Amino acid sequence: MSTILVLHGPNLNMLGTREPEVYGHETLADIDDRLRSKAAEKGHHLLHLQSNAEYELIERVHEARAEGVDFIIINPAAFTHTSVALRDAMLASGIPFIEVHLSNVHAREPFRHHSYFSDIAEGVICGLGSQGYDLALKAALQRIHR
């Protein structure tokens, strides 16, 4: 059994109510429950954490390394464009990851076009709403089984 960690960055706790025209009506709990169920169906364990605090996400990445987490799916949200520290934690962990964004960041404000994570990620999925998480989980499981 492999372990996958899903990390959600700032403001994602507001899913379902925050700008639903951009982010959709599904809540973060809906997404996490669906992912956990899909992972369990395949015989894997899925953990998740949402935090508005950069240091909590960094500490969780450090813990993931010590726990032997096999893969990370991360939506760094606003930290995508600002967090060198979280990028460094991802690199230091050595855990492969996929970057996910609910909206198409390339069709939004120019400051959202740059990511500190894309060049070190296994892949990037954006603009597909919560389905992006499902696709990331599918890809993560395929990579784990290689």
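Placed from the backbone N, Cα and C atoms, the Cβ positions cover glycine too.
What Swiss-Prot annotates here:
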| type | residues | note |
| --- | --- | --- |
| ACT_SITE | Tyr23 | active site, proton acceptor |
| ACT_SITE | His101 | active site, proton donor |
| BINDING | Asn75, His81, Asp88, Leu102, Ser103, Arg112 | substrate binding site |
| SITE | Arg18 | site 'Transition state stabilizer' |
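Everything Swiss-Prot records as a feature, shown here on the structure.
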{"residue": "Arg18", "record": "site 'Transition state stabilizer'", "Cβ within 10 Å": "11"}
{"residue": "Asn75", "record": "substrate binding site", "Cβ within 10 Å": "25"}
{"residue": "His81", "record": "substrate binding site", "Cβ within 10 Å": "16"}
{"residue": "Asp88", "record": "substrate binding site", "Cβ within 10 Å": "14"}
{"residue": "His101", "record": "active site, proton donor", "Cβ within 10 Å": "23"}
{"residue": "Leu102", "record": "substrate binding site", "Cβ within 10 Å": "24"}
{"residue": "Ser103", "record": "substrate binding site", "Cβ within 10 Å": "18"}
Top Cα neighbour of His101 (active site, proton donor) in the set of recorded positions Arg18, Asn75, His81: Asn75
Integer Å distance between the CA atoms belonging to Arg18 (site 'Transition state stabilizer') and Ser103 (substrate binding site): 13
Distance [Cα-Cα, Å, rounded] between Arg18 (site 'Transition state stabilizer') and Leu102 (substrate binding site): 12
Secondary structure at Asn75 (substrate binding site), reduced by DSSP to three states: strand
